Amino acid sequence: MLETDGVRKAFPGVTALDGVSFSLGTGEVHALVGENGAGKSTLIKVLTGVYRADAGQVRYRGEPVSFASPLDAQRAGIATIYQEVNLVPQMSVARNLFLGREPRGRFGLIDFAAMRERAGEVLRGYGIGSDVRRPLGSLGLGAQQMVALARAIEAHAQVVVMDEPTSSLQPREVDRLFRAIGDLRGQGRSVVYVSHRLEELYRICDRVTVLRDGRLVHTGPLAGLDRLRLISLMLGRDLDAVRSEGLTRFAERARSHAAPLLRATNLSRRHVLDEVSLAVRPGEIVGLGGLLGSGRSETAKAIAGALPLDSGGVSVAGEAVPPGSVGSAIRAGINLLPEDRKAEGIVATLSVRENIALAALPRLSRAGIVSEGDVDRVVDRFMRRLRIKAAGPGQPVGELSGGNQQKVLLARWLAMNPRVLLLDEPTRGIDVGAKAEVQVLIDELAEEGLAVLLISSDLEELVEGSQRVVVLRDGAVVGELSGADVTEEKIMAAIAGTTDD
Amino acid sequence: MTETIDRALDRVRVVSWLQRYGVYAAVVVLFAFNAVFTPHFLAADNFRTQLVQVAPIVIVALGMALVIGTEGIDLSVGSVMALAASMVALYLGYGALPAIAMALLAGALVGAAGGVLVAVVGVQPIVATLALLVGVRGLANVFLPQLREFTNPTLVAIGSDSVAGVPIVVLVAVVLVAAVAFLVRRTTFGRQLVAVGGNRTASRLSGLPVRRILLTVYVLAGVLAAVAGVLATSRLQASDPTSLGLFMELSAITAVVVGGTPLTGGRVRVLGTVMGALLMQLLQATLIKHNLPQSWTQMAQAVIILAAVYAARERR
């Protein structure tokens, strides 16, 4: 259906793809995996007309093609659903669904009534019952992703490329997505599926292609390929090492009994948070569980001073933090790693160096003048410590892979000597290798006496990472688990509201 | 196959070189052309005239570059020049220095008004400063309804004297360019300004004083426009709030864009902006010296603006 032959793509300083020959069969669900920077995103962008290959050929239905733009590829029947939804958040759900192929009425004008009706029908099929006239941006990320998927499928795409489609979906939504993928397969349409979640790959994919450092290292049927073998192919490490080190990298740690370093009391905001209280001791990682929209991110933002509160307060080491100001929270040592890396974290136009130094600039300056030597030292230290892979400190951060961008953001906060770290989905959308590195790092930081609040949709990560888990539902705390009670089952029970206390 | 790769890489390299140095190359080429084909071009007098003419544009464009770096725009600069002119005329009775001080203060106030609208109220920069463009021009005319000539020796000297052969107007521009370049490259404020332009939410979550930065940027743009207004007024030896600074915002934006600062913010190119202003000035002078009509200049400028925007497109 769609194949590449010896495709090469280079950017200044890096070869992102080096002679990759990839082939997608008709009615096949093909997993594309690899570490950050392995070249998955670049390959997808070459397939879908975002980039043009420097050398090599792309063939679609046996014909050599050269798409001038994503639109070109879309018209030919290749649709893409990116990691970060890229539709138009200000426009209504219905308009997004039909963007570019709106139903026309008389005089060629858009028939809004028909569009809304049709949109409502289509989306109910995907379990989205909300008003289609609402702006897309007002929906949760998961729902937005489903709209993007519905859009691709409705546009009669022959090839659907999905880049981390489940990273913001609930289990229920994942099931629905997989049903949709199954339907696509049944109709002889093909799917390229990129994900770091191995269980998903085994559930849904027929074949797998592994990329590493821009080269193809393996391609073949997924059934019969051992999970550890797959990981070792991705990491380029041998099997025994992977086996002995396990899949997540959190170490066991004794419970801390020190007085809480971070204390949040009765955080409330109408319709968002309802009397949320929690405490984190130094050296402790406290998980914040709950479904999307349960108030996890909002709790973190409120603690970081980025969400105005109606009532409630935050204190660090017993001292109250002035509310409603990110600046005072940071001065108190509270640092937030936001959920949406691209929109709220990195400054894509600036270099790795400037991004790391961003928050710490006032400390790295004398009389308002930046001390370049100090900046270089800090940047160098954290680029080494976090093993940030970049052509150099001067490389624009937008060119790095997701995992390395996340490390840059961590470095930004570590440069501040934080006391409290609020990590909102720190390993979302980053590959196995970088994920493990980030997990080790979180552990080390807690070891050094930081208080860490960890938000994760990945239950395994939450369970293995945290000593205690606070569970939220509808903006309120519905349970707190500690010690042996921290298990996936108990967390899910708390979320579902079936605990007996 | 290697050949195609080399060619592709070459193309990337050429485009990125053009982005970075295109405006410098264009200035050099135009300069060389004039040196060969334009009589009396290399005369000191000619240089002096050209530089004196371009100085106010450069100064205004510096402020514009800062504002554009924050993903904003300031359309009020031309009207601020006019307001500065009327302030000079109104307060010249107290002496040249108080008059200049009042002019700069007026510029700062207009900048602060724009800054508050943008940073605190949340009005879009183009709308906020468009309102100021109209309103401040009116205000300038209320203070001084018609052109008023003056003979204050200090002010006249600022407009027409030279130090070591370099006109004072040009010296002021040079000093301000150096100061703004230093501000952008070396100070905390400059770095933060660029970060705010690159990603405002991320900057806010990183604890940057986003409102204060935006406010300060608009105040700086206002003060720089007022400086340009004072210099232009002292060169004219008359305050002319009706026509001084008309269309200046467009010249300044042109200089900034041609100089390679993207309108999407997150980057400020100070020397590029200076070169952008010089390029436009040189182009105009060249066509005039070769007896081509003004309309040709305008069309040539349009071509250059398009070329600059083309070169500044996102790299693929």
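Numbering starts at 1 and runs along the chain as displayed.
Cβ from N, Cα, C; glycine included.
Annotation comment: TrEMBL describes B:21-44 (among others) as transmembrane segment.
The feature transmembrane segment is assigned by TrEMBL to B:50-68 (among others).
What TrEMBL records for B:75-94 (among others) is transmembrane segment.
The transmembrane segment annotation in TrEMBL covers B:100-121 (among others). Panel annotation: around the transmembrane segment (B:100-121), residues 72, 74, 76, 79-80, 83-85, 87-88, 90-91, 128-129, 131-132, 136, 210-212, 214-227, 229-230 of the same chain, lying at least six beyond its termini, place a Cβ under 8 Å from a Cβ of the stretch.
Annotation source TrEMBL lists transmembrane segment at B:126-144 (among others).
Residues 44, 48, 51-52, 55-56, 58-59, 62, 65-66, 69, 157-158, 190, 193-194, 224, 227, 231, 234-235, 268, 270-271, 274 of the same chain lie 6 or more positions beyond the ends of the transmembrane segment (B:164-184) yet place their CB under 8 Å from a CB of it. The transmembrane segment annotation in TrEMBL covers B:164-184 (among others).
TrEMBL lists B:213-232 (among others) with the feature transmembrane segment.
Per TrEMBL, the feature transmembrane segment maps to B:244-263 (among others).
Beyond the ends of the transmembrane segment (B:21-44), by six or more residues, the same chain brings 165, 258-260, 272, 275-276, 278-279, 282-283, 285-286, 289-290, 304, 307-308, 311 to within a C-beta distance below 8 angstroms of the stretch. Proximity of distant same-chain residues to the transmembrane segment (B:213-232), defined by a Cβ-Cβ separation under 8 Å and at least 6 residues beyond the stretch ends, is recorded for 55-57, 59-60, 62-64, 66-67, 69-70, 72, 74, 76-78, 80-85, 88, 100, 103-104, 106-112, 114-116, 118-120, 158-159, 169, 172, 176, 189, 192-193, 196, 244-245, 248. Listed by sequence, the residues of this chain that lie at least six past the ends of the transmembrane segment (B:50-68) yet keep a Cβ under 8 A from its Cβ atoms are 74, 77-78, 81, 125, 167, 169-170, 172-173, 176-177, 180, 184, 193, 197, 217-218, 220-225, 227-229, 231-232, 235, 248-249, 251-253, 255-256, 259, 261, 263, 265, 268-270, 273-274, 276-278, 280-282, 285. Within the chain, the transmembrane segment (B:244-263) has long-range Cβ neighbours (under 8 A, six or more residues past its boundaries) at 19-20, 22-23, 56-58, 60-61, 63-65, 68-69, 73-82, 85, 133, 225, 228-229, 232-233, 236, 269, 271-277, 279-280, 301, 304-305, 308-309, 311-312.
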